[in-house]
Amino acid sequence: MLLSFLRKNLRLTGTKYGCGGGGCGACTVMVSRYDPQTKNINHWSVNACLLPVCQLHGAAVTTVEGIGSTKTKLHPVQERIAKAHGSQCGFCTPGMVMSMYTLLRNNPQPTMEDVTEGLAGNLCRCTGYRPIVDGYRTFCEVNSSQLFSKGDLLPLDPTQDLIFPPELMRLAEVKDQTTQRFCGERMTWISPGSLNELLQLKADYPQAPLVMGNTNIGLDMKFKGIFHPVIISPTQVPELFKVTQKPEGVCVGAGCSMSFLKSVLERSINDFPPESTHMFRTLLQQIKLVGGQQIRNVAVSTLGGNIASAYPNSDLTPILAAGRCTLVALSKDGRRRVPIDKDFFLGFAKTVLKPDEIVLSVFIPASRPNEIVHAFRHAPRKESALATVNAGMRVWFNENSNVVKEISIYYGGVGATILSAERACQQIVGRYRVNLCCHVIYFLKIKLGPSAPGGKVDFRRSLTLSLYEPLYEINITWNFNLFTPFVCVYLFTGCHSGGYTPKDCVLCVQNVLEGQSAQDPVGRPMMHRTALSQATGEAVYCDDLPQTDGELFLVIVTSSRPHAKITHIDFSEALKLPGVVDVITAKDIPGKRFRTFTGYDEELLAEDEVTCVGQMVCAVVAESKAHAKRGAAAVKISYEDLQDRIFTVEEAIEKESFFLPRRQIERGDVEKGLREAEQVYEGEIRIGGQEHFYLETQSFLVIPIGEEKEMKVYLSTQHPAFTQEAVAETLGIPSNRVSCHVKRLGGAFGGKVTKTAILASITAVAASKTGRPVRCVLERGEDMLITGGRHPVWGKYKVGFMKDGRITAADFQYYANAGNVVDESVLVAEKILLHLDNAYNIPNLRGRSAACKTNLPSNTAFRGFGVPQCMLVVESMIDDVALKLGRLPEEIREINMYKEVSLTHYKMEFDPENLVRCWNECMKKADFRQRRQAIDIFNQQNQFKKRGIAIVPIKYGIGFAEAFLNQAAALVHIYKDGSVLVSHGGTEMGQGIHTKVQQVASRELNIPTSLIHISETSTQCVPNTCPSAASFGTDANGMAVKDACQILYNRLEPIRKKNPKGTWQNWIITAFLEKISLSATGYYRGHDLDMDWEKQEGKPYAYFTYAVGCSEVELDCLTGEYRTLRTDIVVDIGRSINPSIDIGQIEGAFMQGLGLYTMEELKFSPSGVLYTRGPSQYKIPSFCDVPLKFNVYLLAGSSNPHAIYSSKGIGEPTVFLGSSVFFAIKDAVTAARKDAGLTGPFQLNSPATPERACLACATHFTQMVYESYSNPFLVCITEFE
């Protein structure tokens, strides 16, 4: 693939590996080709991970390194994303840059729609997307943020862009159509130069796949292990790209990409009469939803590939089938025209095409007079997601009447292939002045069994009906020009929209202190210190380190059984394969074979028994990644299954399978409070797990020094000292022989601590045994399978309350699915209980929590550490109380909120003044009460669209309850030229700790930040460090650096007094000559925090961060799709050290919470196999999910004496504010249920996916589905009146 060629062969490491499946955009590059016919140079953004190098003959490839660098000159695209604070961890940044660069090469004056469409194929887990769009909207001549100055930006000058290589233009003009043949170790790639050669090759190799964009075959080969000895790539065959326009329609070559087809349809819409363009418009609208821009540019890979793949959830085939399209199939034996209809698709990935046939072209007919074509689609995410259910419909009416002359309806996503609603169509033909929707539904019978592949049976059944609801609103008229825009507006605006066109957002920052020096950077929105390097691809991540001499690659072999004894590991066949060097098992570990967490041992490599699918059993070491993967596939593990398997918390409760201790905490008398309450209600909610989905997967490079057993470990971890200890104990050597080095992390969110140490230890064993450097970089699917994520939680509650809304007592029970080993689950269960009260002063409060031991991969720390799950249960209880009383949830929240100096349920005193201020200010800034009234009016006027609004507070404890984890150390060197090198124990993972530390050092030494450098985090410089976690990194390490700098500054005091007018450089030289040490160690002891669980009291936190979030959504009750219209967040952050970084953390955490509560869904098979192992199955928020208006306010006039410069930790708290979207959805669902005659509390589990929201709305379509269960294989609807 192009990606590996760029990174390994050319050492162009700016292009990143993120998922390997074209789903994240981290590997985006620009491919350019010269068209000798039009004399134009065409530019496309593509995924390098999917693009074969063999296909690039005659093409120019531009990577992020090619457009600018910090060493020469930046390109405006690179500069603007950096200065707009759109790069945090930076791993996704080169891909963003190249997507935008390609757009500008094609269109130097884009609209905002162009920008968001161009970036739709790129994912970011850190920023929340707003600052990326903010930086790039400057190319559209619209307003931008106040966090950077547009006047300081480089102008865009297209004349300065790289020229297309003239030699490639000359090559294209020659039209060399020689067949190209590439032979690899196991595979032959053939690119024929003519149509005849292609047909001959297909006759010779009928089973060989045709590859154009490689978005289908490439994924099958990589992820499913399918092997093709011969691949045919007909990219040189001109007939496959020919386009012919006729009065009857457009004939498009089967090799045309989706992007090219899009341009063809746009031209056709302009060329044909408006009444003839229904088919073109509908197809064009669907194409915009096929993957991201990179996928469409090569797409699935082409029009012909989309059809021939015959996937049941294809977005195009239902429209092509309904729209009377045909194709030309060609072979050596001749050609034939084949209708694309129900007879064309025979089953999953099967068509009537013969093995030796190719698709030459596709004919797309123009719409006839009185004929309309429409498409309907639902997907888990608005963009870059395969459809759950889609449909295409064509209706042709008799002239001058409303009688249906012809109708065709096709569904996708409801069977092994697309299905024709033939019976319904037959019954509707000839009917006069029909209500189309009623009659479609009346005659519609779609077979969909309870165990149908893909699940979501009830939801898909409902969608097959409700997708046609828009037809209720169509008033058939003979002026089809009037009719067309109406339908387009309904289908593709509002909550149906795929695009993200942001409105102007408000980012309210604090003013610096009066009298503060202009040189002092503290409190100012300073750019991330390496943002420019990240934007140019120069920033080095672990896997970017150059390959060392003799380096090997390691691949982990994992268990395929959830609970079994290992009877034998046979790796004899693996060792016979070319390139395989060794296999590492538990027996090869010279030291400790396990790690201990909270009193439980976890094996590094399973030896006798496995307890989940995905548990690490052994590892294969080989000369390359490809050889190691083949070796791993050849390892045979024999098992003896054990029957006592546990997957759910219910099963764990039944079998009393828990990790101890189980915790409980109580204040007041809960039983008495419940007895005295005027009403008592019991409820529950389930919160699903969440994958970290850091863009950089777990990465390691272990180099044996060859002397005294020394090891250098380069890795991506939040806790280098923990890994150092783990490697040393595993190898049986002292810690002083192991040095861990962390330059930066491409995201972490809690997921790079425990499993990272284990993986590093296994890699170190391989390096020790072979005596050679060993690299290990997990594939995205491996990472998701092995490392675990956020704990799924089942929360139950019993609440007593008065009629006026006061809650008198609440009893909570939390069950967290810990997985097969303890990891940090007990600590997570404890933190859940410590945040039981959230922002509410409930006099009688009790909580119990349990970490359930199951046979799923173990879960681990994740941003928020159990608090987002805990508080969703608490706020759901508040919602239920409101519904029981018939009051608004915000009223119940306000009534029960802490309002004066109080004690928490663990007897820690705090002042909630700033919590109340955040609440009042958010209510005011969000214009909450007026919008609540407007929403009520909107809901009364709309039957199937509902709006909802919610406001939620948070009180989040900062610091580690384990006091020893709050300490930090730093080492500061001043060199003779005046430059300063700072080392500290925190790791940079996008949260900006290095930038803030640089600001601290600048203030304390009174020098510019340009003189201060931070190279890496290393256990050689600062020993015994604590993890960068708990939103405490800057608090601790900033204080340690401050201490070291103050020591040095005080040492220089005599020098300054002697020469008060001297420069910094003069003072340093003088100090050196006078033998004054210019190196100092700083230390911060940290807060003495503790929690006594026996006494149920303590001070586990240094202070609280307060925040309030308000969100408004619009919900489509028929599909469950929603759009976040606006979000307002007010945060008490004390005095911000760097407002731009802190606002970025707030927005990024909010979007991660939005994903947790509304869309991210982990799915397991009944036997414990994780299904969701990449971006194609697991959907994190994208650009299209950002609130249309996103306002962030930092609370003014706040201070915090417990942290450096009166700041507060902010990395984790605002994750929970994403729940404001969840509760806004629930508010909208409540309005829909009211229309259905349903009132009172109801259970809406998290995430509130479209499926859950749709079914909870209880529309008549949903009720029809449930009524059909008397015959569960049919959706058979009774007649409408």
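We number each residue from 1, going along the chain as drawn.
Here the Cβ of each residue, glycine as well, is placed from N, Cα and C on the backbone.
Bear in mind that TrEMBL entries carry predicted annotations, made automatically and left uncurated.
What TrEMBL annotates here:
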type	residues	note
DOMAIN	1-67	domain '2Fe-2S ferredoxin-type'
BINDING	Cys19, Cys24, Cys27, Cys49	[2Fe-2S] cluster 1 binding site
BINDING	Cys89, Cys92, Cys124, Cys126	[2Fe-2S] cluster 2 binding site
DOMAIN	182-369	domain 'FAD-binding PCMH-type'
BINDING	Leu210, Val211, Met212, Gly213, Asn214, Thr215, Asn216, Ile217, Asp315, Arg377	FAD binding site
BINDING	Gln718, Phe749, Arg863, Ala1030	Mo-molybdopterin binding site
BINDING	Phe865	substrate binding site
ACT_SITE	Glu1212	active site, proton acceptor
Which of Cys27, Cys124, Cys126, Met212, all binding-site residues, has a Cβ with the fewest other Cβ atoms inside 10 Å: Met212
Candidate with sparsest Cβ neighbourhood (10 Å radius) among Cys19, Cys24, Cys89, Cys92, Leu210, the listed binding-site residues: Leu210
Spatial neighbour of Cys24 ([2Fe-2S] cluster 1 binding site) that is closest, considering only the binding-site residues Cys126, Asp315, Arg863, Ala1030 and their CA atoms: Cys126
[2Fe-2S] cluster 2 site, defined by Cys89, Cys92, Cys124, Cys126: further same-chain residues with Cβ within 8 Å of the Cβ centre: Ser87, Gln88, Gly90, Phe91, Thr93, Arg125, Thr127, Leu695, Gly746, Gly747, Gly990, Gly1148
Spatial neighbours of Phe865 (substrate binding site), counting only the recorded positions Cys126, Asp315, Gln718, Ala1030, Glu1212 and Cα distances within 10 Å: Ala1030, Glu1212
Distance from Arg863 (Mo-molybdopterin binding site) back to Cys49 ([2Fe-2S] cluster 1 binding site), taken between C-alpha atoms, in Å: 29
Recorded positions clustered about Arg863 (Mo-molybdopterin binding site) [Cα within 10 Å; pool: Cys92, Met212, Asp315, Glu1212]: Glu1212
Cβ-centroid neighbours of [2Fe-2S] cluster 1 site Cys19, Cys24, Cys27, Cys49, 8 Å, sequence order: Leu3, Lys16, Tyr17, Gly18, Gly20, Gly21, Gly22, Gly23, Gly25, Ala26, Asn47, Ala48, Gly95, Arg780
Site of maximum Cβ density within 10 Å, from binding-site residues Cys49, Ala1030: Cys49
Non-site residues, in chain order, whose CB comes within 8 A of the mean position of the CB atoms of Gln718, Phe749, Arg863, Ala1030 at Mo-molybdopterin: Ala748, Gly750, Gly751, Ala861, Phe862, Phe865, Ser1028, Ala1029, Gly1211, Glu1212
Intrachain C-beta neighbours of Gln718 (Mo-molybdopterin binding site), sequence separation six or more, cut-off 8 angstroms: Leu745, Ala748, Gly750, Lys752, Val753, Thr756, Thr987, Met989, Pro1027, Ser1028, Ala1029
Other C-beta atoms that fall within 10 angstroms of the C-beta of Glu1212 (active site, proton acceptor): 27
Neighbour-count leader, CB within 10 A, binding-site residues: Phe749, Phe865: Phe749
Diameter of the Mo-molybdopterin binding set by C-alpha atoms, the set being Gln718, Phe749, Arg863, Ala1030, in angstrom: 12
Top Cα neighbour of Phe749 (Mo-molybdopterin binding site) in the set of binding-site residues Cys89, Cys124, Leu210: Cys89
DSSP-derived helix, strand and coil totals, residue by residue, for the domain '2Fe-2S ferredoxin-type' (1-67): 15 helix, 19 strand, 33 coil
Rounded Cα separation (Å) that holds between Cys126 ([2Fe-2S] cluster 2 binding site) and the residue listed as 'active site, proton acceptor': 12
From Cys19, Cys27, Cys92, Glu1212, the recorded positions whose CA lies within 10 Å of that of Ala1030 (Mo-molybdopterin binding site): Glu1212
